[in-house]
């Protein structure tokens with residue numbers, strides 16, 4: 001049996017995933033050559049880690065065990081995770097700890113803004129744990145973080161990756177009103193997998209949330225991502241693309257699911273680079289402005305460069321429509 005301990009405070013010996021303790025161990029498949037990455041050792045990585053720790057911040061890069069952390073942190077790119085490191089959901093794929101969250105850190109918005117300014121970020125990604133325990137799901141905290149970054153670094157573009165705000169009336173409207181540049185909400189997987197992979201969420205609620213963002217602010221870029229290798233069929237992925245285009249989503253990311261521990265959902269397959277390229281081609285034909293599809297693609301990987309390309313793609317589309 002594997003006991004998963006909290007990495008944030010190892011002295012506490014708190015079980016990191018108590019909801020998964022009863023599950024039988026599953027085999028962790030050997031990764032193919034195309035998905036292996038080097039351990040992070042660069043000077044830039046160390047500097048980014050130092051800034052994160054200095055401001056007592058949490059990053060999804062660390063909490064989710066992202067394979068791209070070495071590359072991103074070397075370039076001083078980081079995705080900040082707000083509202084603590086404990087999530088109220090228990091998704092079968094996720095390495096973020098589950099449990100009863102702590103009270104919100106009221107200094108967090110200012111601390112993030114200081115880190116963004118110190119790192120000289122032209123584009124920042126802010127995500128969060130699910131906070132079903134809060135009346136607004138954390139919408140006000142998102143709002144405060146966006147405002148603080150705008151005040152400290154007016155030229156920095158802001159991308160948010162939000163939870164679904166399920167049963168939190170008015171929460172989405174509040175976050176959209178804060179005017180992030182990109183609103184990202186990940187679908188994570190195809191609808192047939194939701195019961196086992198993402199049991200606390202509702203597929204069509206997430207689709208509707210993305211659609212509602214565009215209704216509230218048609219100029220705001222919307223983005224969503226999925227993992228493959230969870231047992232989905234190709235036609236299910238193509239249908240998900242259609243659902244997202246119906247919601248007028250601009251940007252789709254597709255990446256390989258990697259199993260954090262033996263207690264998490266098993267990797268059912270490693271999708272080849274050629275299959276990822278095929279998904280990208282199909283997605284563009286369906287009308288997405290931007291598509292990132294590769295084994296190591298993650299929601300915030302190359303987010304700054306992708307935002308510039310996304311903006312250019314929209315401008316090109318507008319010019320073509322005017323001809």
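The backbone N, Cα and C atoms fix where each Cβ goes, glycine too.
Copied from Swiss-Prot, the annotated features are:
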| type | residues | note |
| --- | --- | --- |
| BINDING | 61, 66, 72, 300 | [4Fe-4S] cluster 1 binding site |
| BINDING | 87, 91, 94 | [4Fe-4S] cluster 2 binding site |
| DOMAIN | 73-289 | domain 'Radical SAM core' |
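DSSP assigns residue 87 ([4Fe-4S] cluster 2 binding site) to a strand. Other than 87, 91, 94, the residues of this chain whose Cβ falls within 8 Å of the Cβ centroid of the [4Fe-4S] cluster 2 site are, in sequence order, 89, 90, 93, 95, 96, 98, 129, 130. Counting every protein chain shown, the number of other Cβ atoms lying within 10 Å of the Cβ of residue 300 ([4Fe-4S] cluster 1 binding site) is 28. Shown in sequence order, 188, 197, 198, 199, 200, 201 are the residues of the chain, 6+ apart in sequence, with a C-beta less than 8 angstroms from the C-beta of residue 91 ([4Fe-4S] cluster 2 binding site).
Every protein chain shown contributes to the tally, and the Cβ of residue 87 ([4Fe-4S] cluster 2 binding site) ends up with 23 other Cβ atoms within 10 Å. The 10 Å shell around the Cβ of residue 94 ([4Fe-4S] cluster 2 binding site) contains 22 further Cβ atoms across the protein chains shown. Under the three-state DSSP scheme, residue 94 ([4Fe-4S] cluster 2 binding site) falls in the coil class.
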